[in-house]
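Trainee: One structure follows; several queries about it will come next.
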Amino acid sequence: MKLSHLLTSAVSVLSLGLTVEGHFSRSRNDAVGPKRPFKPLPYSHPRKKVCHVRSHGDGRDDSAFILSALKSCNNGGKVVFAEEKEYTIGTALDLTFLKHVDLEILGRIQFTNDTDYWQANSFKHTFQNATTFFQLGGEDVNVYGGGTLDGNGQIWYDLYAEDPLILRPILFGVIGLHGGTIGPLKLRYSPQWYQLVANSSDVLFDGIDISGYSKSENEAKNTDGWDTYRSKNIVIQNSVINNGDDCVSFKPNSTEILVQNLYCNGSHGISVGSLGQYIGEVDIVKNVLVYNISMYNASDMARIKVWPGVASAMSEDLQGGGGLGSVSNITYEDMYIENVDWAIEITQCYGQKNMTLCNEYPSNLTISDVYISNMYGTTSSARDPNIGTIVCSSPDVCSNIYVENIDVVSPSGTNDFICTNVNESLLQVNCTSG
């Protein structure tokens with residue numbers, strides 16, 4: 001059986017939602033597969049106490065009930081959100097004090113649509129103006145149950161269309177968590193990114209079901225599935241993502257990241273970056289393995305995006321360029337694509353439309369030891385006759401980029417690549433320009 005058939009079969013199970021049922025296994029390492037984490041994940045000890053979260057059930061803020069239950073069952077307990085109940089959160093919750101506690105979410109949690117409150121009180125992070133409804137952190141924390149977190153995103157999609165400088169909260173903020181499991185869970189209608197994983201380590205995401213599109217003419221933008229930032233030894237697996245931006249994005253200083261067994265639809269691919277955005281900052285992404293991915297109706301599959309060495313403006317609320325750093329030991333292996341604009345995109349001119357200026361100011365960030373292999377499927381007509389682009393801003397900042405066994409064609413049957421400032425002898429593709 002061809003790899004594409006294997007991937008499609010695996011994805012059909014995911015798309016039915018079967019992976020979001022079940023319960024948490026305390027042996028995190030046994031749950032990871034088929035590829036193993038870069039380092040063993042820590043063991044989670046049994047819980048000895050149970051706390052049930054109360055709910056008003058009428059849309060009033062349940063944050064006080066949630067906080068009370070978490071404090072009562074912290075250090076060795078389990079907090080249960082009942083299946084038949086709906087919970088409302090209207091207060092920014094700092095949950096970084098958690099230790100040795102489980103959150104079993106069986107019901108539905110919805111965040112209020114008070115945009116003025118959330119812009120003023122959500123948790124602010126310096127990178128790319130990120131904000132979160134809440135921040136969950138601490139040590140040995142597990143969140144599971146198959147229930148739903150709803151970000152009430154529609155009001156934010158419409159508001160962002162009017163004002164691109166508003167601060168839209170991220171639905172699920174994992175901030176400073178060391179040892180934990182997230183999933184199975186359903187995440188719906190995030191105002192911005194669905195999950196930010198920052199300053200964290202040894203965390204497994206397993207069985208996450210992401211979906212939520214705009215119901216108006218205003219698109220749901222920047223709805224990344226995951227963004228890892230200043231984090232290490234993170235595993236993301238067995239999940240279904242229907243969104244409108246990166247399926248997974250490895251932001252600055254993400255190391256030892258394993259991503260496997262994902263179905264991504266409507267996304268911008270699985271991306272390293274963007275990196276090099278801030279002058280004076282050193283961005284490092286290394287030791288990343290992406291394995292067994294099905295990508296549909298997307299702009300990219302395998303993507304590395306680096307800002308040039310000169311100030312650039314991607315949009316009014318996203319500007320940068322001139323930062324330092326490196327990308328190294330990145331592997332993409334076994335991928336199936338349908339209707340994807342670029343099978344592979346590597347650029348060091350992210351955000352800069354003036355290519356002459358970009359070439360005059362090459363990126364300060366190097367890319368080395370990249371391995372992309374075993375990709376099957378078809379691209380969209382958007383870039384036909386090209387199916388990929390590997391463009392470095394200077395031959396001095398890219399080395400050891402290997403591409404092999406790419407069985408992908410455009411709608412017209414071509415398989416051309418744009419190749420610039422890269423060692424073409426390491427690329428088993430049809431480079432037609434450079």
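Every residue, even glycine, has its Cβ placed from backbone N, Cα and C.
Feature list, courtesy of Swiss-Prot:
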type	residues	note
SIGNAL	1-22	signal peptide
CARBOHYD	N113	N-linked glycosylation site
CARBOHYD	N129	N-linked glycosylation site
CARBOHYD	N199	N-linked glycosylation site
REPEAT	231-252	repeat 'PbH1 1'
ACT_SITE	D245	active site, proton donor
DISULFID	C247-C264	disulfide bond
CARBOHYD	N253	N-linked glycosylation site
REPEAT	254-274	repeat 'PbH1 2'
CARBOHYD	N265	N-linked glycosylation site
ACT_SITE	H268	active site
CARBOHYD	N292	N-linked glycosylation site
CARBOHYD	N297	N-linked glycosylation site
REPEAT	327-348	repeat 'PbH1 3'
CARBOHYD	N329	N-linked glycosylation site
CARBOHYD	N354	N-linked glycosylation site
REPEAT	362-405	repeat 'PbH1 4'
CARBOHYD	N364	N-linked glycosylation site
DISULFID	C392-C398	disulfide bond
CARBOHYD	N423	N-linked glycosylation site
CARBOHYD	N430	N-linked glycosylation site
Trainee: DSSP secondary structure for N292 (N-linked glycosylation site), reduced to helix/strand/coil, please.
Mentor: strand
Trainee: Under 8 angstroms, Cβ to Cβ: which one of 231-252, 254-274, 362-405 has the largest number of such pairs with the repeat 'PbH1 3' (327-348)?
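Mentor: It is 362-405, which has the most Cβ pairs under 8 Å.
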Trainee: Checking distant contacts: for the repeat 'PbH1 1' (231-252), what same-chain residues at least six beyond its ends satisfy Cβ-Cβ under 8 A?
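Mentor: That would be 14-15, 17, 19, 32-33, 37-39, 41, 127-128, 183, 193-194, 197-213, 219-225, 258-275, 281, 283-285, 288, 290, 295, 298, 303, 325.
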Trainee: Which one is it: of the recorded positions N129, N297, N329, C392, whose Cα lies the shortest distance from the Cα of H268 (active site)?
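Mentor: If we rank N129, N297, N329, C392 by Cα distance to H268 (active site), first place goes to N297.
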Trainee: Do me a favour and check the Cα-Cα span between C398 (disulfide bond) and N253 (N-linked glycosylation site); whole Å is fine.
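Mentor: With distance taken Cα to Cα, N253 (N-linked glycosylation site) is 19 Å from C398 (disulfide bond).
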Trainee: Spatially speaking, which of the recorded positions N129, N199, N253, C264 is closest to N430 (N-linked glycosylation site)? Use C-alpha to C-alpha, please.
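Mentor: Comparing Cα positions, the candidate nearest N430 (N-linked glycosylation site) turns out to be C264.
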Trainee: Would you kindly give the Cα-Cα distance separating N297 (N-linked glycosylation site) and N265 (N-linked glycosylation site), rounded to the nearest Å?
Mentor: 6
Trainee: When you rank N199, N292, N423 by Cα distance to N253 (N-linked glycosylation site), which of the glycosylation sites ends up on top as the closest?
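Mentor: With Cα distances computed to N253 (N-linked glycosylation site), the winner among N199, N292, N423 is N199.
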